[in-house]
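> Encoded as structure tokens, here's the structure I'll be asking about.
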Amino acid sequence: MSVPTHQQDLIALLEERGFVHQCTDRDGLAAHLAAGPATAYLGFDATADSLHIGHLQGLMLMRWLQKAGHRPLLLIGGATTRIGDPSFRDSSRPILTEAQIQANIDGIARVFSRYVELHDDSLVNNAEWLDGVGYLEFLDRVGRHFSINRLLTFDAIRQRLDREHSLSFLEFGYTLLQAYDFVELSRRRGCTLQLGGADQWANIINGVELSRRQGGAQLFGLTMPLLATSDGRKMGKSAQGAVWLNAERLAPFDFWQFWRNCDDRDVGRFLALFSELPMDEVRRLGALQGAELNEAKVVLANAATALAHGEHAARSAADAARGVFADGTRDSGLPMMKLSRARLAQGLSLTDLLLEHAIQPSRSAVRRLAAGGGLRLDGTPVSDPDAPLAGEVDGLRLSLGKKQHLQLRLED
């Protein structure tokens, strides 16, 4: 593909692909990026050991910036994770231990490396400067520049209070910490651009303003639209749970299936955001109708899976899907469900198995699925899921409806 250089209007390209919601100074940022390589940062708190597809838009945006010659900084909030961003949340996050935070940082870094070429200095932890700053020093350096009256006007704070939900002083101070992060990254690393979701707008503006009030560099902020599927679901979730970006939490086959099964109305938009296809091809694929649109969904699934898990995983997932839906053959590309010979000998049923693996929420849900013909072993409907499994089950394909398929694997 043709990769833009930093001399071109990168903002126009990002707008065309659907990445831009708001910008603190659109023309100023376009000129700044055209003037030469800039340093941009994207921040995440280390609340889990992976990221999910709700974070994917930001990773792809950072990828485009790096392709255009700009320098990525990926900030993981080792310090701010202890507090939790209250933006548009109804309750406080649980407090994590230092060991949990570090394990999460390690997991997130592995996901980053799939999308952005990391160098030794690409990954930053805000504990580097926040752990060493004293409370009185922080109030003097940062607190003096913020008005409580103005902070109370921000949507994230106001909505929490309007709903009469508790907001601790710890959480109230989060926006000041994020503003300080931006200024410190500007001072230490020459960072001039912060990226974030639309819910981060107030936090980003505060960083831009703090730098100005302290006589620092001119900083810029760019937010992305908060994505939802056309049927109203928040990006990051599926009916089965979070759609994670690492294979340990979600099998590449299930990741591929998420994209293959997306709503027809989302195909063009998702291709623009989550693939690197030229926009002419995106528009062509997005305009397909009927059965032809399924071809576009396969292109989307292959592209998104190749970025998250590699080309081999994408091909294996596509091959596995063809095996399931076309000729009914078994395929090792399916996610495995393990069961022990000892449990099988004790009279393990399919209902037991699905509940133990948290695939179904209740016995009644399994029975309803079976009654509707949606529970099958190697294509054969299971009429009584409560009956003990019998015969040779190793390698059998277990299907739950039309879109969820697993391969049984027997272990000693």
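Placed from the backbone N, Cα and C atoms, the Cβ positions cover glycine too.
Note that the coordinates shown come from a computational prediction; the quantities given were computed from them, not determined experimentally.
Among the features that Swiss-Prot reports, L-tyrosine binding site is placed at TYR41, TYR174, GLN178, with the record citing sequence analysis. According to Swiss-Prot, the ATP binding site annotation covers LYS237. Sequence annotations record features per position, and here Swiss-Prot assigns domain 'S4 RNA-binding' to 348-411. Here Swiss-Prot flags 46-55 as motif ''HIGH' region'. According to Swiss-Prot, the feature motif ''KMSKS' region' maps to 234-238.
So where do these features actually land, and what's packed around them?
In the three-state DSSP reading, TYR174 (L-tyrosine binding site) counts as helix.
Remark: secondary structure over the domain 'S4 RNA-binding' (348-411) totals 16 helix, 19 strand, 29 coil, with classes taken from DSSP.
Beyond the ends of the motif ''HIGH' region' (46-55), by six or more residues, the same chain brings 76-78, 81, 84, 93, 96, 101-108, 111, 227, 234-237, 242-246, 248-249, 258 to within a C-beta distance below 8 angstroms of the stretch.
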> Please give the greatest C-alpha separation between any two of the L-tyrosine-binding residues TYR41, TYR174, GLN178, in angstrom, as a whole number.
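Greatest Cα-Cα span of the listed binding residues: 18 Å.
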> Around TYR41 (L-tyrosine binding site), how many other CB atoms lie within 10 A of its CB?
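Total other Cβ atoms inside 10 Å, all chains included: 23.
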